[in-house]
Amino acid sequence: MAEEIAIDKQLFHDRLSSFQSQWKADKRAGDALFNGAGSIVVCVGKANEGHYTKSAALQLWLLGYEFPSTLFVLSPEAIHIVTTKKKDREADFWLTAAYLEPLKGGKVPVEIYVRGKDAEQNAKQFETCVEVIKAGGKHVGTLPKDEASGPFVDDWKTAFEAISKEVEEVNISSALSNAALSVKDEPELRAIRDASKASAIVMQKYFVEEMSEIVDAEKKITHKALAQKVNDKLDDTKFFQKNKISSSFDPVHLDWDFLPTVQSGGNYDLKFVKDPDDHNLHAGIIVSALGLRYKSYSSLVARTYLVDPTKAQESAYKLLLQVHLEVVKALRPGAVAKDIYQKAIAAVKAKKPDLESHFVKNVGIGIGIESQDPELVLNAKNTRTLKDGMTLAITVGFSNVTNPNSQNKKSNTYSLVISDTVRVGDEGGLVFTKDAATDLETVAFFFNDEEEAPAPKKEKKQPGRSSAIAQKNTLATRLRGERTTVQNEEKERARQEHQRELHQKKQKEGLEKYGKGTGSLNGVEEKKFKRFDSYKRDDQFPTKVRELVVILDQQAQSVVCPIMGRPVPFHLNTIKNASTTNEGEFTSLRINFLSPGQGVGRKDDQPFEDASAHFIRSLTFRSKDKDRMETISNKITEMKKEIVRRENEKKQLEDVVEQDKLILAKGNRPQILDLVFLRPGFDGKRVPGRVEIHQNGLRYVHHQTNQMLEVPFSNIKHLFFQPSEHELIVIIHIHLMNPIMVGKKKSKDVQFYREATEMQFDETGNRKRRHRFNDEDEFEAEQEERKRRIALDKEFMQFAKRIADAGREYDLKVDQPFRGMSFNGVPSRSSVLMQPTTDCIIQLTEPPFTVLTMSEVEVIHLERVQFGLKNFDMVIVFKDYNRAPFHINTIPVESLETVKDWIDSIEIPYSEGPVNLQWPTIMKTVTSDPHQFYVDGGWSFLGGDDDESDEESEEESAFEMSDEELAESVSESDGESDFDENASEEASEADMSGEDSDGEDWDEMEAKAKKKDKESGLDDGDADRGKKRKR
C-alpha cells in the first residue's frame, strides 16, 4: 500500500496558502474569527478508528492522508511539522515522514522535524516549535475538544507546559470550519457526491429490496441482523461496479462512516447514536440510516418506510417531505442557519401545530471529512451564514408521535425521518442522495389487501367536493343560459357571504404561517458575485502576447490587451460590448466593461465584490489594420452571444432531473395504443407512433425513426383524457412533476393524440358522391362520423384507464374536463377554451399547453370588471409567492358568472377590480415582508370584502343610465313612431303636462302596441322594424 501513496504538493500549498490568507484577512478585520491567535497548534496522537477529529480532519484536508503522532505548528507565514519516522504497527497504511519531504520548496515555507531515538534531539525539536509559538504572540490557537493520547502527545504537553503561563490558549474550531473544512472545492465535492450516491444505492437497491421481501413474506429477523446484512454489502464490489456511480469511482476507497441502523416497533432514536437492538423487525414504521465514506469524505442518508400506514401517518409524512423540500430549497449562499430552521418550524406550525413539539431540534449539520461539524448546525440559535460549496447532512423528522389508530403496543408511537447529503448552491440545495426515493408512493408499502377493498365504496358514497360541485355548476350554467335578465339575488348573496368567509380564513392562515420574524422571501433571488479566472499561471498566456497586440483567446474566453507594455487579460464576462469606429486611415476598437452604476437595464445589474473599488469603464485601441479591428469586435460579440446561449441552456436544464429507469412489462408484452401522434414531437417528419404501458411507466415509440420517449409513473402529476366532442382531436395528456427532454426541447407536458376527422373519410370527391348529393347521404355521412368519434373516444378513454390502473401505486387517476363550465380566454398567445377539471384548469388543444393545479392557488383576482367592457382578465396568485402570477386575459364578460361560480365551488377566495394591477410590484411587496403584508390586511386590498356594495352601486347606476336613455329615445322618436295614433297622442300629452316619463308608462305603451299588432295581423318583421326605429 505504501508504494501507492502520493501527496499532491500543489493542492497542499494551494489549500494552506488559502487558509493563511483568510487568517491574515481576519487579523486586519479585527480577529473576529481566529480570536487573535498568532500561531496554531494541532496535535494528533495514536490512530483513531472512530470518527475523525478536527485535528485529523485538517491533516486529511491538507495531505489527503492521516499522520499518527504528528504535530502541526502554523503561523501566518509558514508551517512546522514534527513527525515520526516509522509506521504505526496497528495500521501499516498510515504515512511516514518520508512522504513529507517533497512538500518543501513550495510557495509556503515548510519545516519538517523527524523524531528518532535521540531524546535530546527530540527535545530540541519541540523547543523550536515552542519558540515559534512565543514569536507569534500571547494567543495560541488550539482545539480543546480534541483528545489525543500516546507517548508523542505526552512529550509535547511537557514541552508546552514551559510556556503555558506566558501564552493564552484560544479555541480555533470555528476558524478551521470557516476557513478550511466547510467550503469544499471540486475534488472534495466529487468525493462527497460519489460517497452519497453509493449510500443512496445501498439504501434503495439493497435495503429496500431486503426489507420489503422480509415484511411481505412475514419472516422473522432482528434489527441487528438486518443491519449486519447491509453492513456486509460493502464487500460486494460487483454491486457498486454494476450501478456505475461515476466514471472514476473505485469501490476500494469505500468505508463505513455511519454504520447501518434499523429501527421499528416504537423504539426510535433519530440521532442514530444507538446500535441496532435485538428486537424483531416490525411491519409498521421502519426507519433506516447509513453513511458511506469515500476517500475520507462522509455522507448520510436516512429514510422512513411506511408499511400499511394510517391516514394520519401518511399525512404526517407528506408534511415532513414538504418541510424537507423547503429546507433543501433554502440552502443558498447568504442564507442564515437559524432562518432556515425557523422556516421549517413555521411550515410545521402552519400545517399541523400539534406536531411542532415532536419536530427535531435542528434540521442539518455540516458534513465532509468530519462526520459532523458542530460549528455548522442548522438550529434556532446559529447565526452562521451559508456559502456556495458547503455540504450538509439535512435531517428533518418527527419523534415519538402518538398513534391514535394503533393496532398493537408496538404501534403506539412512531417516528418519521428523512436525511440527505446536500450541497449549498446558487439555485438552492443540490441533493447528492436523490437516488434513494422519498416520495410517499415509493416509501409506502401496502400488504393488507383486506383494508384496500372498501376504498372504492367510500368514493361512491362520498364523492369529492370538487366533482360534486362541478356537476351542480354545469346544471346551473345551463339554467342561467335560459334566463335572459333575471339574476338570482339570493344565490349572489350566499356566494358573497361564502367568499367573505374564505377571505377571513385566508387572512388568519397567513398570519399563522408568516409569524413575526419570518423575514424576507426575496433573498433567494439575489444575484451573487462570480469569479472568473482567465489564466492561473503566466505560462498559460498565448505565445503571441510578446507582440503586444490585442489577442482574442477563445479557449480561455478572454481578451489580452497590451497596457503599458504588458499583456493584461480580461475575461469576456467582464466585458459589456465592443465596437469599431473609422477615423480616416485609422480604426478605433473600443471595449466597454461592466461597472457599477451603469443602470442601463436589468441585464447590466451585475453584482460586484466591492462596488466602491476603481473600475475600468472602457479601453480604446487605434490601428491601421481595419479588418483586424473589425474581426476582433465581431468575434467578441459572437463569443458573448455564445456565453449567453450556454448559460441559458444550462439554466434551462437545471430543473431537468434524471428519470427512473423503465421496467419493461412482463414477457415484453405491453398494452399498446397505436397510430397516435406525440406533442411536443420529435424532429423530422410528422409520423405516428405507439404508446406502451410498462411496469413503472410509459414508452412512446416513433414508427419511422424508432426514437423513444419514456415517462415513469413517479414523475406524472396529472393524467387527463379529453374527448373529441367539439374538437378535431382526441387527447391523452400527461402533466409532469419535473420537466423532461423531448428531443432537444424541455417540456413539462406530454400529449398523445389522434385526429378525429381524417381525410380518408371525406367522400366529397368520391365517385359515389358525384351523382348523389341528397339529404340522405349527408345524414349517413354524419352518422358515420359520429360513430367514428364515439369509437375513438372509447378507445382512448379505456387506454387512459389502463394507464391509471398500471400507476395506481403512484395514485394516478384519470381527470376529464367539464366542458359545461368552460370559458374562452388568452393564457398565452391566442384565445382558447379554458376547461376546469376536478383538480385543475386546463387548455390542451393548442400549444403551449396550460395546466394549473388549483390546490397550489392562493387567491384569484378578476381585473377590468366594470360596466361597458366586453372582456375581463383573471390573475391567479400561487401559494409559492416566488412564482409569478398567471394571467388569463380577454375572457368574455358573458362568462363572468360562470367563472365566479367555479372559483367559489373550489373553495378559493376571489376578488374583482376595474383596472389592471402591477403584479410584479405587488408580489415584491408580499415577499419582502410577508408578516407585515398580512398585518396590514393581506389580500383585502384587492377589494374582496367590498364586492356586494360595489356591485349594488354599479347595478344602480347602470339602471339609471338605461332609464335616461330610454326616456331620451322616447322623446326623440315621438314623430316617427310606428305605433298607432292614440299611443303617440298619449305620449305627447304626458310630455306637455310636465310629468316625467317613467319606464312603467313605456312598458304599458309597448304592451298595447304589441297587442294591436297581433290584432291587426302584423308579422314579426314589422315588429322588428319598430324596435330598430326605437333604438
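Glycine too: its Cβ is placed from the backbone N, Cα and C atoms.
Automated prediction, rather than curation, is the source of TrEMBL annotations.
In TrEMBL, the coiled coil annotation falls on 629-656 of the listed ranges 349-376, 405-432, 629-656, 685-712. Within its own chain, the coiled coil (629-656) has Cβ neighbours under 8 Å at 427, 550, 552, 554, 557, 559, 572-573, 575, 577-580, 587-589, 591, 621, 623, 738-741, 746, counting only residues six or more beyond its boundaries.
Confidence across the domain 'FACT complex subunit SPT16 middle' (550-700), taken as the mean pLDDT and rounded to a whole number, stands at 84.
In terms of DSSP secondary structure, the domain 'Histone chaperone RTT106/FACT complex subunit SPT16-like middle' (823-913) contains 16 helix, 42 strand, 33 coil.
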